[in-house]
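Among the features that TrEMBL reports, domain '4Fe-4S ferredoxin-type' is placed at A:290-321, A:355-385. Taken from TrEMBL, the feature transmembrane segment covers A:6-23, A:65-83, A:103-127, A:148-167, A:179-199, A:211-229.
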Amino acid sequence: MVSQIIFVILALAGTALFAYNARKVIRNIKLGRAVNRTDKPQERLFTMLKVAFGQTKMAVRPVPFFLHLIVYLGFVIINLEVLEIVIDGVFGTHRVFAGLGGFYNFLIGSFEFLAAGVWLACAIFLIRRNVVKIKRFSGVEMKNWPKSDANYILITEILLMTAFLTMNAADVKLQALGAAHYIEAGSFPVSTWLVNLLPSNVDSLIFIERFCWWFHIVGIFAFLNYLPYSKHFHIMLAFPNTYFSNLKPKGQFTNMDSVTNEVKAMLDPSFVPADVAPGRFGAKDVQDLSRVNLLNAYTCTECGRCTSVCPANITGKLLSPRKIMMDTRDRMEEVGKNIDKYGVEHQDGKSLLDDYITREEIWACTSCNACVEACPVNIDPLEIIVELRRYAVMEESVAPASINAMLGNVENNGAPWKYSPADRFNWTQES
Amino acid sequence: MEFKVPTMAEMMAAGEEPEILFWVGCAGSYDERAQKITRDICKILHHVGLKYAVLGTEESCTGDPAKRAGNEFLFQMQAMANIEVLNAYNIKKIVTGCPHCFNTIKNEYPGLGGSYEVIHHTQLIQDLINEGKLKAEGGESFKGKKITYHDPCYLGRANGVYEAPRKALEVLDADLVEMKRCKANGLCCGAGGAQMFKEPEKGKKDVNIERIEEALSTEPQFIAAGCPFCMTMLNDGVKLKDKDQEVKVLDIAEITARANGL
């Protein structure tokens, strides 16, 4: 009975804490500008099912695709087992679904294979990161917390799977010994191999079984609450992120309505502008970005596929699309903490541009969309880069001198080079 | 040129309307290397007897480089002025010689009042081949020649046009070799996003060198391009690698014109 109460308290506390932090995340995302991404719900749903649920964009790289698929399936399917664990925890039952008979055996058997697969995949992931040191996982932005974060996630998953399999192994042995409460149920194709490693004493076995049971479920609640602080948040946010992703051609940049009004008024003095909220042109800080940009930042799991295909990054420039996303998230969380501490009006004198992302980075982008194409969850770093450029150019008139010269030429000659418009049709004369 | 390139102003004065407007673009108008491509596109249009026209001196920058550089004001000023000209001429269909113009007019002009059917010249060539109006005969033979095609970002990833340029090359019966990074995974030439007009930021090497090394690793006789900016970047790369005698960078339009003896 005591353990049931402790379990219920833990479960409620774990869920409540997560809800509390999730609300903060939602508040932070809502710092951004509202943007209409609710059109074409069917196409959006299809995109989500295909890209997030179906993992189609992962398939480009077969090895990580396969390993990640195991972990993903493990996460989704083993959660069915968590349902049983929660019911057992609340009502003090043991393997409450055992009544399903053969199907239950099938389920537990598949969970065991998946758990072993997840264990192995995570071990390989750790080796890829820390021993083989795959280039994609390095870079200036991948030091300190991001590096540890990745390892913590993998180690936690290995520990959870170890606990799950050890718990089952102890259970098998207890079932074989005919211990009270441990009914004969389930099929244990993997944990059977661990049985001989365990003691034969019933009390020790019960201790091991209970310890692993608690470790596993408390671990899951703890992991749930780790998500909002971690890149691992993608396991949830990949779904809304793909749902709200851009459905238009990648080359199409947004036309700014606020600018359209001013340009129309300039061309036609009698034009009455539509009601558009005045604001900053482009983005200096996270509040100037759209909510989708900010959701993108929380969704990023720092896999580095974007950076590994970025022509600027490949050729040694400072720009890394992954860093753009990580900086946006870090700044957003900083602004969020300021709001918690000092209220909404507080200004800390810092901004995304310059304090996090440098001018050198934004001007190195070729807008080639390779990063957008590479992202397995449809994150768009390019849009953020363009918004930062818009701020630099339109609010500050600060750009590389050659860019200013080009803009001057377009304005004066209708071409990016210094040629006369009168000579525009001279190409018919072969030289 | 052996024939006169008709302008919209002349057509309108004669009370005629073209089937298609050829949007030349700034590079195609002023850049010496790109001017050759422009003339070859006209030769193709003339050869198949398509009723076309150009804007001539009435054309102006689409605003693309301004938009990619973040100057939305300048972009919209250019766009609205161009849309006014295009709408005044009652333009329905446009073929561009440049993927940047293509992307801008096709995707970003409709929101500002300019809706047209817009195709890139490689798509026009594909259509003409499909309709049987254009073949690869009467000119230089590319049979068995090794050609690798470089996907321009604003044609490929930006708008999903991967097949049209390849189709134009397939009729040549040439030996098409793909680079490792091609189609959706194609590597930029380094000129996009207004990079064409500025020096690159400091780094280990230039993007066009990275790309040309990959192109040359396929040991091609020709590198096919579909964008005047890519053309500049790839040509510079080939020259820097001292390969400009063995390897020629040609636009799909130039290859098509050559194959047809135009």
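Glycine is no exception: its Cβ is also placed from the backbone N, Cα and C atoms.
TrEMBL annotations: computationally assigned, not manually curated.
Residue counts of the domain '4Fe-4S ferredoxin-type' (A:290-321) by helix, strand and coil are 19 helix, 1 strand, 12 coil (DSSP-based). Long-range contacts of the domain '4Fe-4S ferredoxin-type' (A:290-321) within the same chain: residues 25, 28-35, 37, 61, 135-137, 139-142, 146, 149-150, 231-234, 237-238, 240-241, 244-246, 328-329, 332, 358, 360-362, 364-366, 368, 370-377, 379-384, 387, each at least 6 residues beyond the stretch ends and with a Cβ under 8 Å from a Cβ of the stretch. Here the transmembrane segment (A:179-199) does not touch the transmembrane segment (A:6-23). Their Cβ atoms form fewer than 3 pairs under 8 Å, with each pair 6 or more residues apart. Most Cβ pairs within less than 8 Å of the transmembrane segment (A:148-167), among stretches A:6-23, A:103-127, A:211-229, belong to A:103-127. Below 8 angstroms of C-beta separation, residues 86, 89-90, 217-218, 221-222, 224-225, 227-228 of the same chain, each at least six residues beyond the ends of the transmembrane segment (A:6-23), sit close to that stretch. Tertiary neighbourhood of the transmembrane segment (A:103-127): same-chain residues 67-68, 70-71, 73-75, 77-78, 80-81, 95, 97, 151, 154-155, 157-158, 161-162, 164-165, 168, 185-191, selected by CB-CB distance under 8 Å and a gap of 6+ residues from either end. The residues of the domain '4Fe-4S ferredoxin-type' (A:355-385), classed with DSSP into helix (H, G, I), strand (E, B) and coil, number 15 helix, 1 strand, 15 coil.
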